[in-house]
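Peer 1: Quick one: the structure is below, and I'll ask about it shortly.
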Ligand SMILES: O=C[C@H](O)COP(=O)(O)O
C-alpha cells in the first residue's frame, strides 16, 4: 500500500514575514498529520532553516527545490545536496520544467543531480512532463519516458525505491488548466508500466505525484486515480487554507 504524499513547492516566492505567516496557519492545522498523508513543503533555499525551525515537532517534512550534482567546490551560486541535509531537508525537487526550460537543464545533468542527492541521503522528487507542442505532436509518452530513462540509465531502477516521480505536464503548470483526471491517470499508469519493465516490485511501490494547477476543486478527483499517489502543488501551496484542503482531499 503506497502512502499518499502532498508536496508544496513555494518556488521563488516569500519573505521571512510571509513565510512565517503561512506557517502560523499551516503548522497548527497539520501538526498531527492529515489522514495519514505525508506533507512536504519546499521553500526557497535561503529560508530552509527558518522553515525547519518552525515545523520542528510537527508532521510537516522539509524539502528543497534544487541541488547541484557535486557536493562542494567552486560552483558559485549553487547549493550542495549535503548543505540541504545540513539544513534538515529530506526531499529535493529535481528536473522541474522551469529549470529544464529556463536554465537549460538537460536529462543528463538531472540524472547526475539525482545520484548526488541520493548519495547524501535526500529523496529526489524527479519532475517529468511534456510541453503542449510535444503532446499535440503525439510525443508526450516518448518525452516522459526519455526523461525517466535518462535517470534509470545512470541510477538504476533500485534507486526508485528511494525516490518520487512527479508528472507535471508543462502546459498545466501555473495556467489554471489542469490535466483532466483521466489524462493524468493515463500518464501515471504509463510511468508505472515503464518502471515495471525494469522491476515490478519497485513499480508497485514508487509514489507518483501529479502536478499542474492542482487546487481544492480538482484535487480529490485527481488523487482518487489508481496510479496517482498525491500532488506536487505550486501556487495553491502558498495559501494555507487551500493547501490544507488539498491535503484533506486524499481519500
Ligand atoms: O511544482 C509545482 C508545479 O510546477 C505546479 O505548479 P502550479 O500548481 O502552480 O501549477
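Glycine residues also receive a Cβ, built from the backbone N, Cα and C atoms like all the rest.
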Peer 1: Figure out which of 45, 97, 145, 213 sits with 9, 10, 11, 174, 234, 235 in the substrate site per TrEMBL.
Peer 2: 213
Peer 1: Non-local Cβ contacts of residue 234 (substrate binding site) (under 8 Å, 6 or more apart, same chain)?
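Peer 2: Result: 9, 11, 173, 174, 211, 214.
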Peer 1: Where does residue 235 (substrate binding site) sit by DSSP, helix, strand or coil?
Peer 2: helix
Peer 1: If you measure C-alpha to C-alpha, which of 10, 168, 213, 235 (recorded positions) come within 10 angstroms of residue 96 (active site, electrophile)?
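Peer 2: Qualifying among 10, 168, 213, 235: 168.
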Peer 1: Which three-state DSSP class does residue 11 (substrate binding site) fall into?
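Peer 2: It is coil.
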